[in-house]
Amino acid sequence: MYLDRIVETKRREVRLLKETLNMAEAERRIAAMPPTLGFEAALRSPKRQGMALIAEVKKASPSKGLIRADFDPVRLAQAYEAAGADCLSVLTDNEYFQGSADYLTAIRAAVKLPLLRKDFVIDESQIYEARLIGADAVLLIAAILPVARLRELKAAAESLGLDTLIEVHNADELDAVLQVTDRGLIGVNNRNLHTFETSLDVTAELAPRMPKRALLISESAIRTKEDVAYVGSGGASGVLIGETFMRRADVGEAVAEVMGPVSGAPASAAAGESADTGAGAADSEASR
Ligand SMILES: O=P(O)(O)OC[C@@H](O)[C@@H](O)c1c[nH]c2ccccc12
């Protein structure tokens, strides 16, 4: 089972991390850092009316192998920002997704969007690390966390100013999450992390059980604007999309096609010309 293997790897990584990360010192360093950006707040007032976008920076995955060969994380993040993504998700797992904590840190310096650390979090130390590398939010996956652990890790994240995106794939996992919270960001993963099978119907199946105060983010296997409309009609307020954008040479163009124009902006601006102004803003940010 893929997920079990990944968790095994994470246990090993956490053991190493705990040898190098002094929690008291981490707390001091975090206290001196600028505050986090509101990840949930950005998704609650999205740039496109009715549908928020978390765009993912993802080089590879265990199910698809290498997704993007010419992978420049900072350039991709800047293109997403210019195309009007509300937030970014950055894979930091190295062994299975060819991601890196350094990618997240480099992106943090180059864009103004809130960032999600996308990894398999099983221990507080990874949450401290997420804050230190520049994340604004962490993913917590219900499939790998017993309720008590989920509650502790969520509290740890919040104590550091991090928002959480809690991911579920079925009704049992959602019921477990509802023992912890009935608000915040709940991600419905359309991909089963045990089998890698995907179905957008998972979003619509779980949406009726979603509490009113939670924001439903539909994750994975979203490819077209029809898919976005489908999960939206099924109850999603936001989407998390990686592979579809990563497979396109011009990710900004792909965002415009799948998400449509940013509300209030002329269609042409969202389709490509905005890439100039947006990238320019990102450049000056990066060169500070
Ligand atoms: O590339 P996709 O199919 O658009 O999916 C993005 C995201 O949902 C996926 O990367 C993901 C969802 N949950 C995860 C948990 C760990 C790693 C990765 C993921």
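Just so it is clear, glycine is given a Cβ too, placed from its N, Cα and C backbone atoms.
Residues 264-288 are the range that TrEMBL records as region 'Disordered', among 189-213, 264-288.
The average pLDDT the prediction assigns to the domain 'Indole-3-glycerol phosphate synthase' (3-257) is 97.
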